[in-house]
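For reference, Swiss-Prot has these:
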{"type": "ACT_SITE", "residues": "Pro2", "note": "active site, schiff-base intermediate with DNA"}
{"type": "ACT_SITE", "residues": "Glu3", "note": "active site, proton donor"}
{"type": "ACT_SITE", "residues": "Lys57", "note": "active site, proton donor"}
{"type": "ACT_SITE", "residues": "Arg262", "note": "active site, proton donor"}
{"type": "BINDING", "residues": "His92, Arg111, Arg153", "note": "DNA binding site"}
{"type": "ZN_FING", "residues": "238-272", "note": "zinc finger"}
Amino acid sequence: MPELPEVEVVRRGIASGLEGRKIAGLTVRNPNLRWPVPELERTLCGLEIRTVTRRGKYLLLDCGAGTLILHLGMSGSLRLLALAANIAPQKHDHIDLLLDKGMVLRFRDPRRFGAVLWTTGNATDHPLLSHLGPEPLTEAFDGKLLYSKTRNRSASIKEVLMNSRIVVGVGNIYANEALFLAGIDPANAAGRIGARRCAGLAQAIKETLGRAIEAGGSSLRDFVGSDGNPGYFQQQYWVYSRTGQPCRKCGTNIEQIRQGQRSSFYCPRCQK
């Protein structure tokens, strides 16, 4: 599933091509995504896309009269195409958002876990977004906040990091990578992590996500950016999916454990 860096890469890739453009139409080839796509063509036609922002793993297209909420699901992608290029839709290209000046935003979703929703209220108050915690790349998220949110929690620190009510967008890949940078064993109880180590972990999260965005995200299976190219952050992984390989810092073999429904990867020497 695309995590925060991948969604931010997509946002940056499409924002300049969407902002200021008017919507000319909507083609829905398959409405059966995670939630059925509502009838929106009459509502959207003529509206101008003012801004393209991100909240967690959701993309928000502010159209003035309302906001289009997009989620890429497990394997979705967005591409901004010129109609003149005459690129025929493929099997899993379920939705085209037609724009003025001969452009189209094409939503591809092979596994159909994505979403295209519309709200006329404040987008951040939508039931899918209202519970979300702070954005990790903003000043609202720091070591003090992480320390306060982890007190009296017996769950593992990795599981807590992946709780979107604590902080948004830190999925399995980036939780593993940030914990390595911070030198923290993923199985440690969150409530036992001290203030100093929480500060280091918050900084490691910011650094990891920032580096991933600059590398175009991670492409392990399906992810491609809006230009159709894969990301390259997987080439920089410290621990994720490197079971049995030597730690890039100390040479100790990376180990793998199961936490909930997810695999965790760590260096038993570097992470305590």
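The backbone N, Cα and C atoms fix where each Cβ goes, glycine too.
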Intrachain neighbours beyond the zinc finger (238-272), with Cβ under 8 angstroms and 6 or more residues off its ends: 156, 158-159, 162, 172-173, 176-177, 179-181, 183-187, 220
By Cα-Cα distance, the member of active-site residues Pro2, Glu3, Lys57, Arg262 nearest Arg111 (DNA binding site): Pro2
From active-site residues Pro2, Glu3, Lys57, Arg262, the one whose Cα lies nearest His92 (DNA binding site): Pro2
Greatest inter-residue Cα distance in Å for the DNA-binding set His92, Arg111, Arg153: 42
Helix, strand or coil at Pro2 (active site, schiff-base intermediate with DNA) [DSSP, three-state]: coil
Largest tally of Cβ atoms lying within 10 Å of a Cβ, found at which of the recorded positions Pro2, Lys57, His92, Arg153, Arg262: Pro2
Distance, Arg153 (DNA binding site) to Lys57 (active site, proton donor) (CA atoms, angstrom): 25
Arg262 (active site, proton donor) versus Arg153 (DNA binding site) - Cα distance in angstrom: 19
Within the zinc finger (238-272), residues counted as helix, strand or coil by DSSP: 0 helix, 12 strand, 23 coil
Same-chain residues at least 6 apart in sequence whose Cβ lies under 8 Å from Glu3 (active site, proton donor): Lys57, Gly169, Val170, Gly171, Asn172, Ile173, Tyr174, Gly217, Ser218
Cα-to-Cα gap, Pro2 (active site, schiff-base intermediate with DNA) vs Arg262 (active site, proton donor), nearest whole Å: 15
Mean of pLDDT values spanning the zinc finger (238-272): 97
